[in-house]
Structures are given as C-alpha cells and as structure tokens.
C-alpha cells in the first residue's frame, strides 16, 4: 500500500467508526438537511474505507456516482423545505407524496441509489467496494462492521421516506405549486436521469476490463441479507424509534457522541464565557 500498513490500519479504523457514528446519529435525527449531511459523511467514510484497502480507483468512482445522486437528494430536500413552509423538521411533513409526486419519485430514487439498490448509480461503486473488501483478510470484525454500516444506510433512508412521504400528516403547511416551477424541477429531472445511467457509463469508462471476483456464497449474499433485515427492522420498530425509551440514546446521538464538544465547542464556550 502507498500509505503503509500502519496508516492504512488507522485509516480503516477511523473510516469504519465514521460510517457507524454517522449512520447511528442519522437514525435519531429530525432535521432533513442534517440527515442528508450525515449520509454524506457516511459515504465519505466509505471512500476512505476504500482508500485504506488500496482501492483508490474505486474510491474515485464512488465519489463520482455519489456526487450525482447526492446532488439530486439535496435539490429535492430544498424543494420540500421550500414547499413545506420553510421547515426542516421531518416530523411536520408526512404524506407529502400527494402534494409533491414528482419530487417524491426523484427523492426516493436518490435514496435507492444511496442504499445501493442493484442497477442504480450507487450499486456499481458500493457493491465493488464491498465485494473487494471481502477478499482482504482484515478479520471478521471489519467485515461485520462494514455490513452493519450498510444496514444503517438503509435504516435512516427508510425512516426519512416514511416520515416525509408515507407516514401520517405532521401538521405542517405545504405548497405543491412549487412543482410547476421549471427552474426547480428541471435540474431534478436531469439529475434523476443521470442517477439511472451514470453507474454503468462511469463503470465502463473507469474499468474497461471486467472485474471477476470469487467469493463464498454467504459473502455474496451478505450485503443483500443485511439490507433486507435492516429494512424489516425499521418497518417493525418505526413506532419505538420515537418513544421515551429511546430518550437517552436519542440525546446522545443528537450530540454526535459529544464530538462537537470534544473537538472545539467546549473550549470555545469556556473561553468565551471567561471573556
């Protein structure tokens, strides 16, 4: 490895913990923009994880595909915030699929790309990273954490879709007229098309020769198994996610494991208070 064995191991640990922390925090977050920002942090962890394994070309490939569907996700979120009375709290959404059918379809497409659903943009890069990572002998713990982090992506994506589009009406205002504004909807439609076709096109451009990967059957089906289990868990525990039993965990996750306080916020508050 170019980074060296020690630096690669350190980067591997940091990237896995970044993916895990951002996924857990996103599950208990209610701010729409924070959820999308945390998902971006999670995908940056995937890229660093790929680099730690020496898969530099795959990290760049995932950077390109991720840029397209995440741009689509942010644009759809902006339209929802604008049409929902400038609120970012997903608890005040609910049933927006009736007022925003086109944005709902495009945003769900971006979420599916983020989850790595087959034959969408995110699948071509994430699946290669996962399968090639399974060939490295870093141990069962690294593989298990990788699959758990993939499951967390599905968890907060399904939660976002449920609360925003499928769940009961949250009481907020909605203005569906914003879908008639072509300056808003036009870029969303274009990015939706690129999210569908960019995966195979960029794969052919970056890897002209096909990649042949030999893995045991349980590893081949591992990612799909964890994704399916996480989907069922989130659908079955949807009501428990917001109960009082999760108060302490939700507060701890909302503070991002006290990282803002440890990395500078505590020092800033202390010095400003003394000043």
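For all residues, glycine too, the Cβ spot is worked out from N, Cα and C.
Per TrEMBL, the features are as follows:
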| type | residues | note |
| --- | --- | --- |
| DOMAIN | 5-147 | domain 'NADH:quinone oxidoreductase/Mrp antiporter transmembrane' |
| TRANSMEM | 7-28 | transmembrane segment |
| TRANSMEM | 34-56 | transmembrane segment |
| TRANSMEM | 63-82 | transmembrane segment |
| TRANSMEM | 102-124 | transmembrane segment |
| TRANSMEM | 136-158 | transmembrane segment |
| DOMAIN | 156-273 | domain 'NADH dehydrogenase subunit 5 C-terminal' |
| TRANSMEM | 184-205 | transmembrane segment |
| TRANSMEM | 217-237 | transmembrane segment |
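Within its own chain, the transmembrane segment (217-237) is flanked in space by residues 115-116, 127, 130-131, 134, 143, 147-148, 150-152, 154-155, 158-159, 162, which lie at least six positions past its ends and keep a Cβ under 8 Å from the stretch. Counted as Cβ pairs under 8 Å, contacts with the transmembrane segment (184-205) are highest for 102-124 among 7-28, 34-56, 63-82, 102-124, 136-158.
For the domain 'NADH:quinone oxidoreductase/Mrp antiporter transmembrane' (5-147), the DSSP-based tally of helix, strand and coil residues reads 111 helix, 2 strand, 30 coil. Confidence for the domain 'NADH dehydrogenase subunit 5 C-terminal' (156-273), expressed as mean pLDDT, is 74.
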